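Colleague: Next up is a structure, given as structure tokens.
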Amino acid sequence: MITMIVGEVANFVAYAFAPAVLVTPLGALSIIVSAVLAHFILQEKLHALGILGCVMCIAGSVVIVIHAPQERAITSVQEIWNMATQTAFLLYVASVIVIVFVLVFHFAPLYGNSNVLIFTGICSLMGSLSVMSVKALGTSLKLTFEGTNQLIYPQTWYFMLVVVTCVIMQMNYLNKALDTFNTAIVSPIYYVMFTTLTIVASVIMFKDWDGQSIGSIISEICGFVVVLSGTILLHVTKDFDRNASRSLYAPLSPSLTTRLCSGNGEMLKHVVEDAAYPEDACLRRQGLY
């Protein structure tokens, strides 16, 4: 827990010194470290395709770092406030709020327990706003520590309120998704949606791609796609061998057995007896031959 808290604090600080287009995709590196440590410490076998996924994440991250935009020089929280209140970003915020309300009050009660995109969509949308607020708050605190006090401005406290609100809602629905669906399904979908929406929000608010060449932007997108592909591949193959071995020895589903044998009462009787006394059933079958 201590290392997790330290990691989140370091992630928070990173947003104050680097653009979100760079910081957010690099979060995939934590997945690689977790997979490698689990392989050596917890004896969880890393599948060959999982190793390929790790390599893809590293390669995509290198491409993103090489072509990442430079952090804009920001001198006050009021400058960030002007970015947050520009028309394009306000339209993005309004769209996110409307979509989240529709998902929470209409789709979540109806399809929340059957469609993984509902809960992950809510926490991804709120996560994109929380990252923008975290970056604004982190930049304000950085300027304050450098000697320019930003705590006297109400905008700093407003960004702090947005951070708390968005993070609580984001974590709430992420936990609901993890409680309802398999982690191997939730994690890659959430990472893809959250990272994509965060990059879109950052490009709109902070104009990260302004001044960059088309080649650099395309390279960043390609690196991002490679990281996403590697992350999905790593999650999909995480329990590949374990699931494969289980499927070889898994018993036939009772409902399937009943369906197959319900047309013949005698066969159904033998199936029930075999399930109750498997050793006797085996001896009887050998006697028949």
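The backbone N, Cα and C atoms fix where each Cβ goes, glycine too.
The transmembrane segment annotation in TrEMBL covers 12-42, 49-69, 89-109, 116-137, 157-174, 181-205, 217-236.
Give me the local environment of each listed feature.
Modeller: Residues 18-19, 21-22, 25-26, 28-29, 31-32, 35-36, 208-209, 211-212, 216-217, 219-220, 222-238, 240 of the same chain, all 6+ positions outside the transmembrane segment (49-69), place their C-beta atoms under 8 angstroms from a C-beta of that stretch.
Only residues 6 or more beyond the boundaries of the transmembrane segment (89-109), in the same chain, are considered here, and those with a CB under 8 A from a CB of the stretch are 83, 115, 118-119, 121-122, 125-126, 128-129, 200-201, 204-205.
Tertiary proximity for the transmembrane segment (116-137) is limited to same-chain residues at least six positions away from its ends with a CB under 8 Å from its CB atoms, namely 12, 15-16, 20, 24, 77, 80-81, 84, 93, 96, 99-100, 103-104, 107-108, 156, 159-160, 162-163, 166-167, 169-174, 176-177, 180-181, 185-186, 189-190, 193-194, 197-198, 200-202, 205-206.
Within the chain, the transmembrane segment (157-174) has long-range Cβ neighbours (under 8 A, six or more residues past its boundaries) at 77, 80, 119-120, 122-123, 126-127, 129-130, 133-134, 136-137, 140, 151, 186, 190.
Long-range contacts of the transmembrane segment (217-236) within the same chain, counting only residues at least 6 positions beyond its ends with a Cβ under 8 Å from a Cβ of the stretch, are 21, 25, 28, 31-32, 35, 49-50, 52-64, 66-68, 184, 187-188, 191-192, 195, 199, 209.
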Colleague: Taking a Cβ cut-off under 8 Å, which residues six or more beyond the ends of the transmembrane segment (12-42) line up next to it in the same chain?
Modeller: 50, 54, 57-58, 60-61, 64-65, 68-72, 131-132, 134-135, 138-139, 141-142, 187, 191, 194-195, 198-199, 201-203, 206, 208-209, 220, 223-224, 227, 230-231, 234-235, 238
